[in-house]
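J.: Copying in the features that TrEMBL gives for the protein in this structure:
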ACT_SITE  CYS211  active site
ACT_SITE  HIS290  active site
ACT_SITE  HIS388  active site
ACT_SITE  HIS392  active site
ACT_SITE  HIS421  active site
ACT_SITE  ASN425  active site
DOMAIN    68-356  domain 'FAE'
DOMAIN    385-467  domain 'Beta-ketoacyl-[acyl-carrier-protein] synthase III C-terminal'
TRANSMEM  43-60  transmembrane segment
TRANSMEM  203-225  transmembrane segment
Amino acid sequence: MSCQKTRAVFSCSTVLLYIPQQSLLHFHAFLITPLSNSNKNTIMDLLVMLLSLLVSYLIFKIWKRIDSKRDQNCYILDYQCHKPSDDRMVNTQFSGDIILRNKHLRLNEYKFLLKAIVSSGIGEQTYAPRLFFEGREQRPTLQDGLSEMEEFYIDTIEKVLKRNKISPSEIDILVVNVSMLNSTPSLSARIINHYKMREDIKVFNLTAMGCSASVISIDIVKNIFKTYKNKLALVVTSESLSPNWYSGNNRSMILANCLFRSGGCAVLLTNKRSLSRRAMFKLRCLVRTHHGARDDSFNACVQKEDELGHIGVHLDKTLPKAATRAFIDNLKVITPKILPVTELLRFMLCLLLKKLRSSPSKGSTNVTQAAPKAGVKAGINFKTGIDHFCIHTGGKAVIDAIGYSLDLNEYDLEPARMTLHRFGNTSASSLWYVLGYMEAKKRLKRGDRVFMISFGAGFKCNSCVWEVVRDLNVGEAVGNVWNHCINQYPPKSILNPFFEKYGWIHEEEDPDTFKMPEGFM
């Protein structure tokens with residue numbers, strides 16, 4: 001830098017040496033001579049012109065920044081949930097038959113599983129992979145998992161692209177998330193091969209992200225949209241159950257066999273301004289929380305081998321605590337982004353008053369403390385900024401806990417409860433079935449905001465807020481997975497029919513209502 005400055009000074013000095021001294025005297029005289037009115041007007045005009053150019057440049061830069069922001073918006077054009085064929089439908093009776101085929105189970109484990117199924121909130125019309133009906137769940141092959149995924153993605157991708165008149169070659173970004181199946185070539189490569197997509201497509205294949213993978217996939221697309229304009233993205237989310245049946249008898253691992261069902265969803269997104277009016281939803285904000293650095297959170301949900309070498313997913317007793325902690329930390333970040341200032345100020349004032357009232361007075365030695373309630377309430381009214389709550393259907397307990405924490409009523413929880421009842425826990429894709437229920441029930445109107453909440457192994461809590469761009473409460477929801485049965489929901493009761501049949505499920509064991517098949521040990 002010093003060399004450059006020296007070189008510049010030297011150059012200026014050299015130039016001045018070449019200027020005639022007479023010319024310098026004339027220039028100096030011009031500077032010290034009083035200006036005439038015409039000269040003053042000329043200079044003023046020049047100053048005004050320079051000021052106008054400067055203001056115009058600033059306005060242009062501000063407009064350009066605002067305009068570029070519009071190209072970074074993330075819209076959902078359409079989505080398609082998967083409804084497997086009816087020959088894959090599972091009821092409680094068939095679930096019990098599958099459990100009986102596990103020769104490693106003892107009486108107590110069988111009772112534990114049957115009780116978990118009956119009280120899970122899952123109905124009689126969910127879906128399972130084909131090998132379960134063939135009796136091969138304990139002897140899966142790689143092809144079983146690939147066939148299950150192929151049946152799903154061919155159905156959903158084809159429908160969503162055809163409905164929107166978009167060719168596979170127009171897709172610029174592909175994000176696939178399937179946690180429990182990792183093949184070579186990857187599932188994303190198989191989709192590209194099947195639909196003959198472009199060579200320059202940007203591809204992301206996610207595994208082991210758990211039930212929160214959908215929001216993670218949306219986050220990837222959102223960040224790409226910040227850099228690249230006028231793009232179309234396809235998010236494909238599902239879970240492969242075929243190769244992941246646990247055939248051991250460890251209670252912390254057999255529970256996963258009861259909770260998950262087959263499903264999936266293909267979501268079409270864009271940041272094209274020309275397609276914004278056709279869009280269904282616009283992403284307002286997204287927050288991801290990851291507690292993997294904490295050992296208890298990391299070990300709350302882990303795939304591992306049991307004592308006999310059987311692979312399964314271990315659900316630790318610390319899971320509820322890990323989920324609660326991640327949920328609270330996630331809410332701390334996203335709440336200021338989605339709620340009005342008035343509600344935030346009200347919450348802060350109530351919190352301050354509560355602390356002042358709870359603080360013991362001076363000299364007080366006998367302070368009575370109330371016993372803490374089960375669960376943690378946020379203490380803030382989320383309905384001041386959110387109209388609908390799209391909750392991950394991880395189970396009845398998960399839905400109840402989130403409902404309690406956010407102080408939601410049964411109307412708010414109905415979409416999640418009905419999704420769990422009709423389709424079960426379809427892992428990362430369950431959020432889209434819940435959203436589909438809201439759309440089919442004509443709840444979504446322009447300007448409404450939808451809060452998505454999901455959890456996943458790691459331990460993660462991811463959430464996002466969508467704004468409804470156009471009225472979705474008029475006419476039939478085209479291609480909606482709920483269309484065939486929405487008039488039947490909500491039913492008068494979602495109580496499992498086996499709940500009354502087996503009295504020991506909700507009372508002490510009754511020998512008359514619990515009879516094991518002959519030969520079962």
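Here the Cβ of each residue, glycine as well, is placed from N, Cα and C on the backbone.
Automated prediction, rather than curation, is the source of TrEMBL annotations.
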J.: Can you tell me which active-site residues out of HIS290, HIS392, ASN425 are within 10 A of CYS211 (active site) by Cα, answering none if there aren't any?
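T.: Final answer, ordered: HIS392, ASN425.
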J.: Consider the active-site residues HIS388, HIS392, HIS421, ASN425 and say which one has the Cα lying nearest the Cα of HIS290 (active site).
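T.: Among HIS388, HIS392, HIS421, ASN425, HIS392.
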J.: Any idea what the Cα distance is from HIS421 (active site) over to HIS392 (active site), rounded to a whole Å?
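T.: Checking the Cα atoms of HIS421 (active site) and HIS392 (active site) gives a distance of 13 Å.
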J.: What residue among the active-site residues HIS290, HIS388, HIS392, HIS421 has the most other CB atoms lying within 10 A of its CB?
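T.: Of HIS290, HIS388, HIS392, HIS421, the one with the most crowded Cβ is HIS392.
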J.: Roughly how many angstrom lie between the C-alpha atoms of HIS388 (active site) and ASN425 (active site)?
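T.: Given the Cα positions, HIS388 (active site) is 20 Å from ASN425 (active site).
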J.: If you draw a 10 Å sphere on the Cβ of ASN425 (active site), how many other Cβ atoms land inside?
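T.: Around ASN425 (active site), other Cβ atoms within 10 Å: 25.
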J.: Quick one: pull the CA-CA distance for ASN425 (active site) versus HIS392 (active site), whole Å only.
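T.: That separation, Cα to Cα, works out to 8 Å.
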J.: Mean pLDDT over the domain 'FAE' (68-356): what is the value?
T.: 92
